[in-house]
Amino acid sequence: MPRAFLVKKPCVSTCKRNWSELPDEERGEIYVPVSLGFCPPQPYREPEPSVAEPPSCPLALNMSLRDSSYSMAPGPCVVAQLPSEDMGHLTDPQSRDHGFLRTKMKVTLGDSPSGDLFTCRVCQKAFTYQRMLNRHMKCHNDVKRHLCTYCGKGFNDTFDLKRHVRTHTGVRPYKCSLCDKAFTQRCSLESHLKKIHGVQQKYAYKERRAKLYVCEECGCTSESQEGHVLHLKEHHPDSPLLRKTSKKVAVALQNTVTSLLQGSPHL
C-alpha cells in the first residue's frame, strides 16, 4: 500500500474505523474526519495535558475515568459518517484534537452538484455521483452474470469482462504517442503520460472524451462506429461482434430518422 494512503495521525481513542481506498487512478483524495466505530482496544499511552471534556460516548467512558485529561468531542458515539455541511466544523485544527482520527479517503474527481457524497453501505467507499455508486454496487453481487470464455472467471459488469479478456487476447488499443508503450485502458495511458512524460490532460471532468471503437479480434481502432462496422465486415465477417454492432448501428440509425421526421413535419 502506498505510504500516502496510511493514517497520518495515531489514534488516541480506544477504537477507530478505517475507510477503504478506491483503486481507480482517476480519483482524487480528501481528508475526512472519522468518528468512532468499533475496533480492538489500543495499548494505553500517557496523553499530553489538555482541558478535559466529559465524553458522552459509552465506549470512551472507561478511558475518561482512567485518565482525566482525555478529551473527546461531545455527542453520541456513532459509526463513521460522510462529510457534509454540518460536519464542516470538524475539519478545522481545533477539532482535530478532540478524539477524531483523520484518515485518507479517496473519492472521485469533480464536484457533485449538491456537494454531498454517495456512500456504499457495504464497504463505505464514497462517490460524487449516484451513477458511479450504482455501478460500484455490482461488485458486491454474488452472482457473476458475465463469464470469460477463456478462463471462466465471472464479472458483474461487461466493461470489467472486456478489460479482463484483453489480458488473454493481448489487445492494447491505447498507444502512447511519445513511446512504444500500449495499454488496455485509457486511464492507464493517461497515468503513463502524466508520470513518465509529464503530460497533463486538459479536458474537464464532465467533458466527454472522443470514444475509440476497438476491435476485440485484432485490436484495430476506429474513430467512428461506421468505420468499426466496415472493419468487422471486411476482416471478421464471421465474428459475433459484427451482429451485435450491426444491431446497435441499426437502432442508432432508426432513432436518427425518427428524430428528423418529428422535427420536420413536412418530410
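Backbone N, Cα and C atoms are what each Cβ position is placed from, and that goes for glycine too.
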Which range is zinc finger per Swiss-Prot? Of 31-53, 54-76, 146-168, it is 146-168
Per Swiss-Prot record, range annotated zinc finger [choices 6-28, 213-235]:
213-235
